[in-house]
Amino acid sequence: MATIVKKQETIQDKDQVKAYLTQKGLVYESYKTPESLDLILGQKGLSDAEKEEVLSGLEYRFDQLKKQHGYKANDLVVLHDEVPGISDMLAKFDKLHIHTDEEVRYIIDGSGIFGFIIDGERFEVHVGKGDFISIPANTNHWFTLDQTMRIKAVRYFKDNSGWTPVYVDESKVLINA
């Protein structure tokens, strides 16, 4: 269940989280992951074959999203503290940036933090298992792992060409620091 953390407020109620994110132009849903995947998702790391098994177990969700939003591809990203080069990998995304394509994530294990500056306001969305978030193209955001240092997320794509981060000067988009 996602949690919103703002300057003076924390929002934890699922309906209020969804309403707040909708107001900010983000799509948020909460989906249950199939119990049949619990054992494999409980592992810290996954082989390529295990990733394919997980994606196969979630094919029904991909089929729904293809029909609703036109996604053409998906993959599974597995991040944890023992992934070689994890610090360098996270350093690409923990600074304010945009993408020229939407960024779509379905968190199926672990947790992380998406940060945003929208309409001059800074806030964080703490995501965990079952959270689905779609960030529109050109939205100021960043991502980092939380203290658990572990996340598994399905990424959905319409086109891979918009995936290079374009870094943004925070002082130009933040109204109240």
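Glycine too: its Cβ is placed from the backbone N, Cα and C atoms.
Per Swiss-Prot, these features apply:
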type: BINDING; residues: H97, H99, E103, H141; note: Fe(2+) binding site
type: BINDING; residues: H97, H99, E103, H141; note: Ni(2+) binding site
type: SITE; residues: R105; note: site 'Important to generate the dianion'
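Across the fold, the C-alpha of R105 (site 'Important to generate the dianion') and the C-alpha of H99 (Fe(2+) binding site) stand 14 Å from each other.
Within 8 Å of the centroid defined by the CB atoms of H97, H99, E103, H141, the record's Fe(2+) site, lie the Cβ atoms of F93, I98, I135, T139, N140, W142, F143, P165, excluding the listed residues themselves. When secondary structure is read from DSSP and collapsed to three states, H99 (Fe(2+) binding site) falls in the coil class. Around E103 (Fe(2+) binding site), the same-chain residues six or more apart in sequence whose CB sits under 8 Å from its CB are S134, I135, T139, H141, listed in sequence order.
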